[in-house]
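**Q** Here it is: the structure, laid out below.
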Amino acid sequence: MGGSGSRLSKELLAEYQDLTFLTKQEILLAHRRFCELLPQEHRSVEESLQARVSLEQILSLPELKANPFKERICKVFSTSPSRDSLSFEDFLDLLSVFSDTATPDIKSHYAFRIFDFDDDGTLNREDLSQLVNCLTGESEDTRLSASEMKQLIDNILEESDIDRDGTINLSEFQHVISRSPDFASSFKIVL
């Protein structure tokens, strides 16, 4: 990665800065980290911009390894039809949304998509159950009982489901998130 052919052009860097919430230095670091996941012979700028990295490789990054939503995060940001790999631009989009400078609206929009496990545009009881299981862990010691889960989801819906349709839509989710001062600062990944 030391040769002149291994750096992103000034034009491309400027374009990525315009399209993301990342600084020039953050984009260069992201490119370096992405290239480290590629085989040595495919690390030129041209090849790295065309390459796709498997979700397994992305999930091996220390910044994602401990995140309980890591698989969902990667699937939401993947543009491949099978959602099983990320391009460099997918990786940049992911880092941009999770950066300190991304707006609360952008962060809440993507958090909603990550928590919408069935991709139907709403958070229903099953999505909320999966969300809770991701947060509490799925071991016998940490898993909630069926009655505890039902009570928790009932409470979440009581608090969040403004139109009382049994689900949480994006605007209801954003309303709840707007009342959570720690959300934006906790919804981040730093390389």
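Quick reminder: no glycine exception, Cβ is built from N, Cα and C everywhere.
Among the features that Swiss-Prot reports, N-myristoyl glycine is placed at Gly2, with the record citing similarity to another entry. The domain 'EF-hand 1' annotation in Swiss-Prot covers 103-138, and the record cites sequence analysis as its basis. According to Swiss-Prot, the feature Ca(2+) 1 binding site maps to Asp116, Asp118, Asp120, Thr122, Asp127. Taken from Swiss-Prot, the feature domain 'EF-hand 2' applies to 148-183. Look at Swiss-Prot and you will find Asp161, Asp163, Asp165, Thr167, Glu172 tagged as Ca(2+) 2 binding site, backed by sequence analysis.
I'm curious about the neighbourhood of these features; can you describe it?
**A** When Cβ-Cβ distances below 8 Å are used as the criterion, the domain 'EF-hand 1' (103-138) is approached by residues 21, 68-69, 72-73, 76, 97, 144, 149, 152-153, 156-157, 166-170, 173-174, 177-178, 183-184, 187 of the same chain, each at least six residues removed from its ends.
Following the DSSP three-state reduction, the secondary structure of Asp120 (Ca(2+) 1 binding site) is coil. A C-beta separation below 8 Å, combined with a sequence spacing of at least six in one chain, links Asp120 (Ca(2+) 1 binding site) to none of the other residues.
In the domain 'EF-hand 2' (148-183), the DSSP tally of helix, strand and coil residues is 23 helix, 1 strand, 12 coil.
For Thr167 (Ca(2+) 2 binding site), other Cβ atoms within 10 Å of its Cβ number 19.
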**Q** Ranking the binding-site residues Asp116, Asp127, Asp161, Asp163, Glu172 by other Cβ atoms within 10 Å, which is at the bottom?
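**A** Selected from the binding-site residues Asp116, Asp127, Asp161, Asp163, Glu172 on minimum Cβ neighbours within 10 Å: Asp163.
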**Q** Roughly how many Å lie between the Cα atoms of Asp165 (Ca(2+) 2 binding site) and Asp118 (Ca(2+) 1 binding site), rounded to a whole value?
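**A** Between the alpha carbons of Asp165 (Ca(2+) 2 binding site) and Asp118 (Ca(2+) 1 binding site) there are 17 Å.
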**Q** Might you list, by sequence position, any residue in that chain lying six or more from Asp118 (Ca(2+) 1 binding site) with a Cβ less than 8 Å away from its Cβ?
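**A** Result: Asn124, Glu126, Asp127.
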**Q** Nearest to Thr122 (Ca(2+) 1 binding site) by Cα, among Asp161, Asp163, Thr167, Glu172 (binding-site residues)?
**A** Thr167
**Q** Go through Thr122, Asp165, our binding-site residues, and report the one whose Cβ sees the most other Cβ atoms within 10 Å.
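**A** Counting every other Cβ within 10 Å of each candidate, the maximum falls on Thr122.
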**Q** Take the C-alpha atoms of Asp116 (Ca(2+) 1 binding site) and Glu172 (Ca(2+) 2 binding site) and report the distance between them in angstrom, rounded.
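**A** Between the Cα atoms of Asp116 (Ca(2+) 1 binding site) and Glu172 (Ca(2+) 2 binding site), the distance comes to 13 Å.
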